């Protein structure tokens, strides 16, 4: 079922309301694509099997020699250092602490409590600015921070763990507590978040036999358990009952829009309970439609069910549905993702939502005495190659996310709050909090650098030996995916010689490209004193468009070298094709035939 839309007119005589502007989005085509994605998200994606490869055809590559060059193009994740994080010398309150649910209400230390939170992801903000952004959250009137924990950030390789610098989760938790705020921790293992592979580490795609992600596949659960054996003990000291800031821990993420494997969800809940104990509130988040809540919640298990829904929906109807999936008296109304803006894909205009409309939607939630988490409070940046992508009903319906995660949030990507949305939301929140929030820090310094002039220094092909992990390449009879050769992100180059039957005008096609392939041919050119290699760009093959090129008609083809440079534009973080290896694999047919 879909919840009814709001009436065209609101009762403005009700205290605490502001006029609604009926046009929320101003995105053009990108709005319709995003709306479609939201509808698919709320309606679910079908079977929920991890390797969603329906419709693909297994084709074998002709046995031609392939040279694969793997680029050391930098880590998937940024590495930043900061000496400004808090030390262990924090004055913790040693009195008894409790955070629990009773009578459809959150209680903090025995008193009713309303969560006014916002998503602020530590991995999308330079640690140097963590405190600044958190102070702006307090200035907005918030009392809690919600953040995901990306598995791939902290375990980029099976034997490599990372909790330093920008991955310093414990440092972030200490800082939130230092500022007197609470934490809602979303530990996955899948997080979506417009983040590469939904937070899954890329090396999961190289495990054989193939894993069935987000299911009770024993091999998949074994790897999740091993990761959580590292993560969960780190969280224990920061639980609220242990004098820390963490009041709630979310398992999975909107699982009801993907699958219906209850035993998988029960396994995750049991694993967390075994380490974190019985006092911590575990929760799930799903879209406020019956199918999603039926599949994604753990009704009857003691795991609290929260909901999210578009800003145009009636919150009272959403919260009434939420109540059906929680035990009696255990359903305080919580919108755990109140959308302050929206994501942006490459080729779209930056998402913009109307500040007054957004503020009015927030007011309708707070008027019901509900709790709320702003998604996003501060979006930040997908540093390096960390942005993900979305897919629709077809593998070609591929929408990669941009580097910016500004989200049109009230705190802008650069930390700016001198915008109408921050002021509008602050005005609404101010009507529901007893104490005036503190003043924010000064606005960050901004500078216009003006036009930049770029100068070509070298061709990629002339520096391969310096940027490849192995300059000699990997020699194989069939191409392999990025993940199978331990390449996390960036680019991979496939090189072979054109077959003897190739000639000018021959057609080149690849059955599947993940995600964009630049095709080149090259050969030796003799000069007066030297012989050099010249590269000719044949064209581009893209996952979502053309899959055919033709060799130029004005070159002598025999003996030429064929180079296919494949770009990973971000592994799928949301959609039915989440099992998304990059590059080209042995089942992807390269054909060169006469036109």
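Including glycine, each Cβ sits where the backbone N, Cα and C put it.
What TrEMBL lists as domain 'Glycoside hydrolase 35 catalytic' is 106-430.
Among the features that TrEMBL reports, active site, proton donor is placed at 254.
Residues within less than 8 Å, Cβ to Cβ, of residue 337 (active site, nucleophile) and separated from it by at least 6 positions along the same chain comprise 119, 285, 308, 373, 375. The active site, nucleophile annotation in TrEMBL covers 337.
Mapped onto DSSP classes, the domain 'Beta-galactosidase 1-like first all-beta' (479-583) shows 3 helix, 50 strand, 52 coil. Residues annotated as domain 'Beta-galactosidase 1-like first all-beta' in TrEMBL: 479-583.
This prediction places the mean pLDDT of the domain 'Glycoside hydrolase 35 catalytic' (106-430) at 98. In the three-state DSSP reading, residue 337 (active site, nucleophile) counts as strand. Of all Cβ atoms in the shown protein chains, 22 besides its own fall within 10 Å of the Cβ of residue 254 (active site, proton donor).
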